[in-house]
Amino acid sequence: MVEINDLTALLAWHDGDGDGPGGQDAESRTSRDSRRRQWPRLDRKHTVPALRERCVTLSAVTILIVICGVFIYTFVSRNSGRGLLCSTVQDGYRCHQECSQLWGPNSPFFSLGTISHISPQIPIGCNVTFVQVLSRHGARYPTKHKTFLYSQLIERIQNSTETYTGDFAFLEKFDHQLQSDILTPFGSSQMIDSGAKFYRRYQHLAKDSTIFIRASGSQRVIHSAENFIDGFHHEKVLDPVAIDKTRKPSIDLIISEEPGFNNTLHHGTCSVFENSQTGRLAQSEFAEVFVPPILNRVKSHLIGANLDIPDIPHLMDICPFQTVALTKDASTISPICSLFTAEEWTEYDYHGTLGKYYHYSSGNPLGASQGVGFVNELISRLTNKPVIDSTTVNHTLDSDPQAFPLGLSLYADFSHDTTMMSIFTALGLFNGTELLSNTTVQSPAENQGLSAAWIVPFGSRAYIEKMECDSTPVAREPLVRVLVNDRVMPLHGCKVDALGRCRLDDFVEALSYARRGGDWKKCFT
């Protein structure tokens, strides 16, 4: 039998036997064929078996391609958040990095693991015995007030602008079409990925341990916790060594955000703090510095537009909010984003950091006090001792072992960026940062990593780990370290080893500010 080992052979043989395109005469075909590679002719009795072999070969190749495709899809899906182009389980959001990591608290979570001075990996020879995850909700639409404000701004631009030029022309018919307050589909995907990542990192605990879950009582926070659970449980179902896969975790406790209700995951009961304007004042001062050149440039393209300094940060806000709302993977960037330069986004990012720092962190005398209650709950969980606190802890709940159980290995709490800033401050994570300037941009490196985009982006998560290691001076002595968005955070007030850890007893001792109630008494004077 004559064998054909190249698909081109069949094509050449067919072309030589037929009339060919355009009905060329025999002479032209002969001339053409003389310049072509000659393949063996097949008589009729050889044709059918040869074609049958070719079909079998093609079928085998096709099956192999399908199998490889399924494998590649499964691998990519498992490692990239269900195959989403822009966001992966491990690294978070990676698209449009020239601006998306400069959106302040409106940035989507991106991993800081590659820039952490200490590896975020669990050290070799160590066994993590306890983990507390504290998470912000996923990407959301603007608040109802801000959505209304943005709509008014666009309407005012369109009503007052006489001429649109350059890249700003699209604003003439622009409509942001933003909803308000709730998670975007991308925000839901973020939290599914967050749950999956948590399970994978702490699989040795998660495969057979109960996880206790609380959420502050806002719809977007509750839905974020539910999506986290979906990702966590999906990984458990796939885990061949996990036990009790049929019991999906649920939110164990939703803490009300109603006024006057003690809630360690949501500020609201310190009247002096709630009435303070330190954050807005700091942002206003910085806006007077960085906005005027931007305002002049924008108005040069929007001839006649009725715009002032406060309008520019609001116009820039629409960029991240629309980007996280347009598609499920946030791959489509808002056209607003391209209207501003990288330098302007750096200034916008710092503007957002100032708002968080001067209201909820060290820039406000009562900022840290809003996080004291949670820190005292954390101490209770780390030491398996009852909570001692006189600030935001709800003792009716925390004295109930059903609402505040001790002795577990895994805890997950879901909150807001504002309260998380206060909690991180009460933990002393920013003790090495000097007061931020209101007039000059300071980089995250200059501020010991204090940046809203680094600390509290959409989907932000902190891991507080307790571990035991064989190589410590006292074998298996409990050690504690804190990671925020995969960056090992510098601890203050306790002796820190090369891997960013303190002895548990020293860590608790260093939290003296929280243990004595912070400055809570000043809340009502």
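Sequential numbering from 1, following the chain as shown.
The backbone N, Cα and C atoms fix where each Cβ goes, glycine too.
In TrEMBL, annotation is done automatically, which means it is predicted and not curated.
Cross-referencing CYS270, CYS319, CYS337, CYS469 with TrEMBL gives CYS469 as the cysteine bonded to CYS126, criterion being a recorded disulfide. In the shown protein chains, 22 other C-beta atoms lie within 10 A of the C-beta of CYS502 (disulfide bond). If you compare Cα positions, CYS270 (disulfide bond) sits closest to CYS494 out of the disulfide-bonded residues CYS126, CYS469, CYS494, CYS502. Put simply, CYS126 (disulfide bond) is 43 Å from CYS319 (disulfide bond) when counted between their Cα atoms.
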